[in-house]
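Worksheet: one structure, shown below.
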């Protein structure tokens with residue numbers, strides 16, 4: 001389970017940060033690539049990665065602001081020529097996205113050579129996608145904005161081969177049955193499967209949030225998450241300004257981390273006002289003092305999530 | 001009078017060519033910057049030039065295909081933050097562009113801090129813009145596509161100061177009158193203004209064409225043009241394929257140049273199939289044998305047009 005950021009800036013692109021987009025690479029788990037948001041130029045960014053648009057199976061849009069969606073039209077259009085032919089694409093986003101995409105494709109005479117299904121989401125919707133559940137959570141921004149909580153199914157433990165050999169059971173078809181059934185029979189004796197398997201592991205839950213200001217229910221949403229990927233447009237400065245524009249301030253991140261346990265927190269959608277010198281100073285002075293491991297995203301930075309539980 | 005190309009590829013962006021856009025710099029003539037087409041990522045390209053979106057006064061869209069327009073929404077949105085505040089923007093394009101832009105801005109909650117006027121153009125429309133006339137000419141493509149013929153007004157000659165001094169007239173307010181009137185009176189004698197001015201110069205006419213296949217009337221359109229900037233998606237290969245997709249083949253360029261006189265021809269919208277090695281070969285083998293100076297555009301290449309007539 002990996003993410004690569006394709007755009008990590010806020011509002012407009014800068015020379016160093018594109019507008020919002022990331023790839024969630026679930027190929028190891030379910031052979032799917034997902035894209036979270038699709039700011040203008042995200043198809044340009046992908047050209048500099050090992051991913052191709054044709055392999056993207058699902059695109060989740062957190063909200064309809066341009067810096068999160070103006071790349072969608074070009075990306076789905078180019079997908080036709082990047083291995084997407086005949087391969088269905090699912091697009092999830094707030095109400096309005098279907099009309100938006102349909103209108104743009106129609107007026108610009110854009111023909112896709114693959115089917116698309118546009119799913120308009122509502123708060124608290126849940127989508128079962130293979131071995132994941134995606135939960136749609138409401139945020140508070142200047143327009144309707146959502147967080148997607150991507151919950152991996154519990155990961156079954158693995159077979160204790162030595163223990164099975166001790167009861168005279170060598171690797172074979174029965175091993176699969178042990179994994180799926182609670183008990184199994186061997187040489188006329190019944191065994192509990194769990195005695196021959198390592199403990200199952202809770203899956204990883206990843207929160208990918210759209211733009212939002214802090215609000216109390218956010219804590220409830222984030223409490224179940226191991227990895228929190230969220231905007232932090234305002235890394236310093238006046239807190240009231242952040243709230244006025246419906247964005248997160250680093251003070252909010254500190255508050256969230258005092259209430260929620262997490263493995264890591266990745267901050268993106270950083271205001272273009274911060275140059276590299278500012279960011280390093282903020283990391284040294286503030287980010288490094290947060291309770292949990294907290295990273296600032298940058299374009300093309302990749303994070304790999306490993307389940308240690 | 002200069003142009004800088006912001007995007008010179010066809011269809012989808014590549015690592016070396018963005019989708020279509022160019023800046024027409026008329027600041028020396030009429031203190032205006034124009035943008036011709038606005039493919040996705042053109043606002044990213046502008047960040048690497050000395051231009052800013054806020055200074056762009058008019059955007060002309062040749063046709064509504066995505067590789068010519070998907071950057072428009074982001075560009076006009078970011079213009080608010082790049083010196084555009086309060087500065088009116090004119091957008092010209094085929095019928096449908098107003099609905100497209102209005103819908104996208106509305107659904108994405110995009111608020112501009114400056115007024116826009118969207119002008120839907122029809123074939124043979126003419127717009128008088130300061131000392132230029134922009135003529136809208138029909139092309140033949142898979143959707144409605146236009147060429148914009150940008151015609152500079154005749155350039156008045158300059159005052160022959162020495163000749164005026166010879167009749168005893170020193171520099172002063174009368175000089176302005178000589179430039180604007182056919183005759184003038186000095187010491188009771190009437191003179192013809194033209195005897196005291198260098199010859200006027202015909203203005204430069206620049207054709208900027210959208211996607212098109214060759215058709216006979218194209219010759220009529222291009223006959224009055226000094227600089228022809230046009231697509232040439234197919235620089236070699238099967239001619240029928242170019243026509244099938246409604247595009248120009250280099251054979252068409254040769255035919256046009258056999259029928260029209262021009263100062264220079266600049267080819268853009270080049271298919272991504274050609275790498276730099278191909279292009280150099282095609283320049284050596286074909287482009288260099290064309291009747292008129294012909295250039296292949298590339299991103300950030302700038303051309304300056306000087307009136308020698």
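For all residues, glycine too, the Cβ spot is worked out from N, Cα and C.
Since this is a predicted model, take the numbers as computed values, not measurements.
The candidate list A:111, A:141 contains one residue that TrEMBL assigns to the Zn(2+) 1 site with A:63, A:65, A:211, namely A:141. In this structure the C-alpha atoms belonging to residue A:269 (Zn(2+) 2 binding site) and residue A:211 (Zn(2+) 1 binding site) are separated by 8 Å. It is 10 Å from the Cα atom of residue A:67 (active site, proton acceptor) to that of residue A:211 (Zn(2+) 1 binding site). The subset of binding-site residues A:63, A:65, A:68, A:141, A:211, A:269 lying near chain B, with Cβ atoms under 8 Å apart, consists of A:65. There are 25 other Cβ atoms within 10 Å of the Cβ belonging to residue A:65 (Zn(2+) 1 binding site). Neighbours of residue A:211 (Zn(2+) 1 binding site), defined as other CB atoms within 10 A of its CB across all chains, total 26.
Rounded to a whole value, the Cα-Cα separation of residue A:211 (Zn(2+) 1 binding site) and residue A:68 (Zn(2+) 2 binding site) is 9 Å. DSSP classifies residue A:141 (Zn(2+) 1 binding site) as coil under the three-state reduction.
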